[in-house]
Structures are given as C-alpha cells and as structure tokens.
C-alpha cells in the first residue's frame, strides 16, 4: 500500500441490531485502540444513524448504507444525502451487491446516486464485484471494469471515493477470496484507473476488499500491496471487528 493511502476499514451493519445490542457494540468500539493511520467508518441501519453518531467516539465516522439520487421529493422510503449529513454521518455506501441483486439497482442508478452524493458533500464507498457464475465464466475483469466505468463517469473528485471490491460469491458465504485473488483484482482495478482516469487517481484512491473478512483472514489480506482496507459485514457486529481495524499493526 502506498504511504499516501490511509488504511480504511468500514463496518456494514446491514439490517441488524437494536439500540441495546448496538449500544454494547459501540461501547466496545469506543474503548478500542484505533491506529492513527487507520480510518474507521460504521454504517448502521438508517433508523439508527442518529443514535450511532451520538454514541460513537468522534474517531469513528458514520455512513449510511444507501441513499437516493435527488435532494427531496415524493420518493417513499428513500433518504437523501442532505438527510444523512443532517444526522451527522459523512459517508454513504453505494452499489452494494445486495442493492444490486436483491433490490435490482442498475449500474446507471448507482452512478446517478454516486454523482448526487458527492455533489452534496458525502464521501462514497462505491461497491463493485462479480457473481460466482461470472468468475467461473472468466469475465471477472469485464464485469468489474464495466461497474467501475459507470462510477468513474460520475466522479469529479476522487479524494472522496473509496472503491470496495466485493466478490459476490464471497459475501456472507464464509468463502473468502484468497489474498492472491484479491490482490490480482485490486491491481487490475488500479491499472484501469491509471488508464482511464489518471495515474494520480490510481495511486491515491483506496481500493478495499469485502467478502467474509474475519479476524482470522484480515492480516494476510491487509499485507497485499493493493489492498487498502476492508468493508466488513457480519464480523463488524462482533468484537473481532477491533482485530480487523488493527490488521495493519
């Protein structure tokens, strides 16, 4: 990892927790040692963004798990970047595979959301990744490059973007990409950024890995030169999240 890329660990709590259990988790995180050279962001369910921001130590940032592409309006069930910021959160996760595959969000919609969230001043954790049949068909590169292009077309300032590579076949399945598999895709993604955006953006943009990251797998993954951190699902609800935060130590 280049010295200019600050290690980034995101915890995606998905649709989990209640005030009591999340309060206990937050207590554990607040007591944990967070290395100065590591950025930590937690993404609680929408209903608990305010709660999490009030309870979490300021050293840990808060993200929303999704947002819509406009400021206000007749969009029942949606939230806007302005609302997210109003609750004290500074990041949003966009394009997560569950949004793409469970809720049918298209590349185009995700691109529009990325553009609006950035314009409104949020940091964006933009997710990309191939499904198992796509990996087995040998089209991993094609899929992730297409997804990345739609995101890149909507980004003016890359300093507010973290790219999260999440092989869909490794999310919540207990299967993890090997450190070598993760490094290979991350390296290719950095090459794509160099060719299609700029060398400076390729060098400075953090590319993080998501997909069944645990306390046991994080250290070897973190040692790969192009793995700049993690987006953690299930393990972010457990005390081992602290081990993942300290994966570079």
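Using N, Cα and C of the backbone, Cβ positions are placed for all residues, glycine too.
As annotated by Swiss-Prot, active site, electrophile applies to 96, with the evidence given as experimental evidence. Annotated active site, proton acceptor per Swiss-Prot: 166, in sequence order, evidence recorded as experimental evidence. Look at Swiss-Prot and you will find 12, 14 tagged as substrate binding site, backed by experimental evidence. Feature annotation from Swiss-Prot assigns SUMO1 cross-link to 142; the stated evidence is a large-scale study or a structure entry. The N6-acetyllysine annotation in Swiss-Prot covers 14, 156, 238 (among others). For 68, 209, the entry in Swiss-Prot reads 3'-nitrotyrosine. According to Swiss-Prot, the feature phosphoserine maps to 80, 159, 198, 223 (among others). The annotation N6-succinyllysine is assigned in Swiss-Prot to 156, 194 (among others). The phosphothreonine annotation in Swiss-Prot covers 173 (among others).
On its own chain, residue 142 (SUMO1 cross-link) has no residue at least 6 apart in sequence with a Cβ closer than 8 Å to its own Cβ. In the three-state DSSP scheme, residue 166 (active site, proton acceptor) is classed as coil. Put plainly, the modified residues 68, 209 were compared by Cβ crowding within 10 Å, and the winner is 209. If you take the C-beta of residue 194 (N6-succinyllysine) and look for same-chain residues 6 or more apart in sequence within under 8 angstroms, you find 201, 202.
Shown are the recorded positions 14, 96, 159, 166, 223; the one with the most C-beta atoms within 10 angstroms of its own C-beta is 96. For the pair formed by residue 96 (active site, electrophile) and residue 80 (phosphoserine), distance between Cα atoms is given as 17 Å, rounded to the nearest Å. Here is what falls inside 10 Å of the CA of residue 209 (3'-nitrotyrosine) among the recorded positions 14, 68, 159, 166, 238: 166. Each residue contributes its Cα atom, and for residue 156 (N6-acetyllysine) and residue 166 (active site, proton acceptor) these two points are 23 Å apart. Taking Cβ-Cβ distances under 8 Å and a sequence separation of 6 or more, the neighbours of residue 12 (substrate binding site) in its chain are 43, 65, 93, 96, 210, 231, 232, 233, 236. Neighbour density for residue 156 (N6-acetyllysine): within 10 A of its CB lie 9 other CB atoms from the protein chains shown. Each residue contributes its Cα atom, and for residue 198 (phosphoserine) and residue 173 (phosphothreonine) those atoms are 35 Å apart.
Between the modified residues 80, 173, 198, 80 has the most other Cβ atoms inside 10 Å of its own Cβ, all protein chains included. When the alpha carbons of residue 68 (3'-nitrotyrosine) and residue 173 (phosphothreonine) are compared, the span between them is 28 angstrom.
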